[in-house]
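Per TrEMBL, the features are as follows:
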type	residues	note
DOMAIN	234-678	domain 'Anoctamin transmembrane'
TRANSMEM	242-270	transmembrane segment
TRANSMEM	282-300	transmembrane segment
TRANSMEM	356-380	transmembrane segment
TRANSMEM	400-423	transmembrane segment
TRANSMEM	444-467	transmembrane segment
TRANSMEM	607-631	transmembrane segment
TRANSMEM	643-662	transmembrane segment
């Protein structure tokens, strides 16, 4: 515990040793990964020497006997038993289907020491989309609740950790140590409640590990190519929630390659056709491109669900249930459950909560009304600038017409960004007013509020240009070509969003942090860099709040709307999104490694409600792209309204059938993965829970012998004495 350099804060550091962590892991039934080959000297030489010395020969042999009794050996001549012998030593013979799937998804522990042939870049690219890329530090193995008995200790995986010059192998990775240490602190100090009450200034946070952070900076954040994310390093350092975001972002970026290529082909064909014919007709290739995007977006969702399932099994998240914990800010009344008598906190008043939801609906409606009014004013201004009467009366010079029109579009982009920022703060206030019980509930309601508003704010101008402007104003900017105006609007807003978003994400927080350090050092009149100052510098870093991941997902989901809802207007949108995502990976990595404090390593099974929002936008895109082709483009301008309406219904139905067909053809969980999950569950039940010991050698000694001989009706009594 020490004073900050300006003597206005007290900073306290807390550590927990291995014994404390073991006790906490045992108390909370913390899940740890199991080693498939726990007694293999070629894989764990140092670990086995240390554990054998610490446990003693009796307990050591007891552990070996327990594993041999419960799991056996695939090869009876083997000198050591294995946790999963049929997938390791003789997997190709006993379970070729599972073994082949494991080789595709990653690898087993046995292969972790040898470098596998990677194949061509295309093979690696495809594998990273449909399966998992090779990773020497990650392998499939069961996850079991920690048990403190000595005989179970060799079965858990060990991690190498370096403390200064000292290197040791420990049960707990960095993310595990942080979670368990927080659990110990929370049992004695409710830091969230103290912070909410104003007694604790600042937050608890984990210090950065200089060595691991240096490795992440150079192998990840500053690496010239981001084709493959070091997900195992991200997971061990930042936890599964952040690792899952980068896994999804990598998957999304690679999947964008396919619509980007299709978009380039479509764009080149349309431009060549227009140059050859001297007209602005788009061509029927737009229909093919729209169908392709429908199939792609459905495949994107289904393939991500499959990959998410693989990561859940690989990271031990299958069957994980989030622990229920009330938010410190939750206001309620203590009571007792009528069945279990467990103390619980219920809402103070349902009427009060319903009133809060009603207020939220009114505020959201009011904010959407502001968007409509602002948009109406901007389009009235744009119409006035391009009005031919103003040109004839010399109110506007012709040479200023295009720059002024572009300026209105830029103002529209700024209006969108400003209102989004304002509404995020409003949405948080509304969420606080609604008094949600848990963090998960709070975040889900926040996501829904922000998305609904930003959907209207970001895409309202596109809907107006595409479907309303020709009716309301009688014409569009380019010789009644609303498609061209929609393309310009889409391109301008998309590029401004990229530039402003990436600048505000990294540059502004970093400059603010450097200025804060400079001001405090100047006030303290010192440039000394002691160990305390290193800790204090981390305390001055920008906190990585839970809303940071929310902002990252929100940015990508809105981008997903750009490349789905109106993609036929500008087929190069997926290409721009691909370029932006490559930059976005760098920006988010730099933000974590240079700008923010080390975030808490939260576990997470999936991307949450964002997945359902993506699915929602996929289905909305079926209608918008069909309507763009039928009404906004010039492909069907000779058809009357009835034919177009009928064609729209048919097109939506066909696209919907294609989307549903893709969902049915691609299973959420591969058959091999289901088998593997069931196998892992069986191993945990047998080895760690003792539900089936597998040793039936004394079965006849403990069970009553069964007489199966058939006797005449009056002779069965005599047999009772024989078997007595």
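Every residue gets a Cβ built from N, Cα and C, even glycine.
Outside the transmembrane segment (356-380) by six or more residues, the chain places 408, 411-412, 415, 419, 423, 426, 430, 433-435, 449, 452-453, 456-457, 460-461, 464, 469, 473 with a CB less than 8 A from a CB of the stretch. Here the transmembrane segment (242-270) has long-range neighbours at 125, 128-129, 226-229, 231, 234-235, 282-283, 285-286, 288-289, 292-293, 296, 299-300, 303-304, 307-308, 311, 315, 549, 552-553, 556, 560, 563, 567, 571-575, 577-578, 581-582, 584-585, 588-589, 592, 599, 601-602, 604, 606-607, meaning same-chain residues at least 6 beyond its ends whose C-beta is under 8 angstroms from one of its own. The list of residues near the transmembrane segment (400-423) in space but at least 6 beyond its ends in sequence, with Cβ under 8 angstroms from a Cβ of it, reads 367, 370-371, 374-375, 378, 381-382, 385-386, 391, 450, 453-454, 457-458, 461, 477, 488-489, 492-493, 496-497, 500.
Cβ atoms under 8 Å from those of the transmembrane segment (607-631) belong to residues 244-245, 248, 286-287, 290, 293-294, 297-298, 300-301, 304-305, 308, 443-444, 447-448, 451, 466-467, 483, 486, 553, 557, 560-561, 564-569, 644, 647-648, 651-652, 655-656, 659 of the same chain, restricted to positions at least 6 beyond its ends.
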